[in-house]
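Lifted from TrEMBL, the feature list:
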{"type": "REGION", "residues": "218-240", "note": "region 'Disordered'"}
{"type": "TRANSMEM", "residues": "12-33", "note": "transmembrane segment"}
{"type": "TRANSMEM", "residues": "45-67", "note": "transmembrane segment"}
{"type": "TRANSMEM", "residues": "73-96", "note": "transmembrane segment"}
{"type": "TRANSMEM", "residues": "108-127", "note": "transmembrane segment"}
{"type": "TRANSMEM", "residues": "147-169", "note": "transmembrane segment"}
{"type": "TRANSMEM", "residues": "248-272", "note": "transmembrane segment"}
{"type": "TRANSMEM", "residues": "303-323", "note": "transmembrane segment"}
{"type": "TRANSMEM", "residues": "335-357", "note": "transmembrane segment"}
{"type": "TRANSMEM", "residues": "411-436", "note": "transmembrane segment"}
């Protein structure tokens, strides 16, 4: 049986050790957020730097040396598993929505909370410590683990921004906006006593609605335009015809994000030995060396490797800062059932399915080598992590009232807090079980 040579005490210690590191760094994020250094604006700016600069460098630094023509099926297994876990999360979200009291304006958000998981900094930080212990092989497996996790992240990023995941979050605020408009219409139609001379309240309402409409238009380039009036139909010219090539380009453009481009370039380079040898030493390729006896473009790898460790550290700091600002106001009675059920499904049921899937994929197909223990562990951990805290940023983008008084943010806060509290136990148990009985 796998793992018999590893004592249970050692397994538990190995599984808990990364949690201590992650908790300490996230605790630093909590501290600096409470001190006012990590404001929401600062966190959003740092998240943008993380996604558009540091993450692409990490992907390039880990994917290029980790893959070649012989192990490209590993990439396929990660992509397919990432899609499977998102479908599984969608089912979890539907179960929570059907069985528990979810706010009407968070029906899309609860699905997003089930679908999207923290597959980035959390997994990378965990693996970077765990891979230094048995049965793994130190830095070699650290690089492979980060590479596999990076592919998971790119798959999820594409699902959020290109395949409609963001629309789930946005749809909640369409409902909120429609409800607000109906409420205002009822107020106008209902006879009321004369208003006081001050017009501050109506002005404030008009200003809020104007700002909300402007913000929604600015962040929703694909949202439908209002239905034309009779006068519009008479005077508006016919929309210009867009050439087929431009339509294709506009359809592909959203996929050209920095992480996805970095992954594509890395995988292409990894499959062309002569190209790969420009960056890293490649067996079987005679490539002229730079004056320092390294490949000619080793300085690019050096730059990417230099930025690599900042990704999990900055990600965990932002995680702590986000969790420190979560608040729960205006939730329906009994919402705790929704938060608890989602936590149980994602962190207890999910890992059971993930272990069964990974074991079956390893034994029944040639996609995963039985010797690639790091790939197996990454696939298992991917099923055992909580909802992505990036959903906090995305919800804030559309929230018309800010963090205070926003039911959608309150519901998300309760869901995240329940999951991250339970994760301390379940992730440790999942990894310990995997080390003893699976790997």
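Any Cβ shown, glycine's included, is placed from N, Cα and C.
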Outside the transmembrane segment (411-436), six or more residues from its ends: residues with CB under 8 Å to it: 2-4, 6, 8, 11-12, 14-16, 19, 23, 102-103, 106, 109-110, 113, 126, 130, 135, 323, 326-328, 331, 335-336, 338-340, 342-344, 346-348, 351, 355, 376-377, 380-381, 384-387, 389, 391-392, 395
Annotated stretches the transmembrane segment (335-357) and the transmembrane segment (12-33) touching (3 or more Cβ pairs under 8 Å): no
Paired segments the transmembrane segment (12-33) and the transmembrane segment (73-96) in contact, 3+ CB pairs under 8 A: no
Long-range Cβ neighbours of the transmembrane segment (73-96) (under 8 Å; 6 or more residues past either end): 67, 102, 110-117, 119, 148, 151-152, 155-156, 159, 267, 338, 341-342, 345-346, 349-350, 353-354, 357-358, 361, 366-368, 372, 375, 378-379, 382-383
